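Presented below is the structure to which this report refers.
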């Protein structure tokens with residue numbers, strides 16, 4: 001018997017996902033298709049009768065708007081929402097804004113996969129002359145971050161290292177109080193939570209593809225260990241296609 005339930009949702013497709021560009025900390029909004037994905041995710045939660053007590057998200061609008069859309073669909077827009085940079089997407093450094101397929105053609109698919117999916121290899125850092133440096137590093141939403149906290153690039157390991165303290169200190173106590181928690185975030189920050197929950201190896205987490213806009217349900221025991229595999233709310237075909245689309249992002253176009 002599950003002691004707790006936890007629901008995660010990766011934001012719907014963003015405008016830069018649509019253009020196959022590395023988004024990272026750039027504040028790309030949802031594409032029209034991404035907005036529809038978020039609506040369908042919300043409808044799936046509504047149809048399954050889910051209610052929540054508190055929500056967590058990043059400070060990036062694609063995740064925030066996904067959460068808004070879900071809360072609208074389930075008619076729970078009044079719920080408290082905690083936003084934190086610690087749930088932001090991984091910072092892709094110097095790759096930010098580059099088209100993934102073009103980068104794969106230039107550097108090779110293997111190198112792009114290492115940058116995207118290796119556990120501890122960061123991409124090249126974002127230098128001050130990068131076209132999006134000021135847009136990100138000087139943004140006032142990050143004004144309270146120390147120099148050590150504000151990244152110029154991150155590996156998956158780095159992303160998990162800044163997300164997990166928030167999970168342990170802020171989210172876990174809410175779950176243990178019996179609060180029904182919804183987290184709307186990003187592929188890599190959510191991957192960190194999944195790795196922690198399931199005790200996955202570095203190799204396994206590299207291959208994990210979380211689909212956009214599809215609610216992921218965990219049933220947890222009193223020690224917050226999953227009692228069954230993650231469950232996707234949505235029809236099987238939609239889930240399969242979404243996961244394949246995520247896996248295809250770093251491949252060069254033929």
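One is the number of the first residue shown, and numbering goes on along the chain from there.
Note that Cβ sites are derived from N, Cα and C of the backbone, with glycine treated the same way.
Checked against Swiss-Prot, the residues 23, 189 yield a single entry marked phosphoserine: 23. For the annotation phosphotyrosine, the record in Swiss-Prot points to 26 among the listed residues 26, 218. Checked against Swiss-Prot, the residues 14, 58, 201 yield a single entry marked phosphoserine: 14. Annotated pair residue 23 (phosphoserine) and residue 10 (substrate binding site), C-alpha to C-alpha distance, rounded: 14 Å. The distance from the Cα of residue 89 (active site, proton donor/acceptor) to the Cα of residue 186 (site 'Transition state stabilizer') comes to 5 Å. DSSP gives residue 13 (substrate binding site) a coil state; it is part of no helix or strand. Most buried of the recorded positions 11, 90, 100, 106, 186, judged by other Cβ atoms within 10 Å, is 11. On the backbone, the CA of residue 90 (substrate binding site) and the CA of residue 106 (N6-acetyllysine) stand 22 Å apart.
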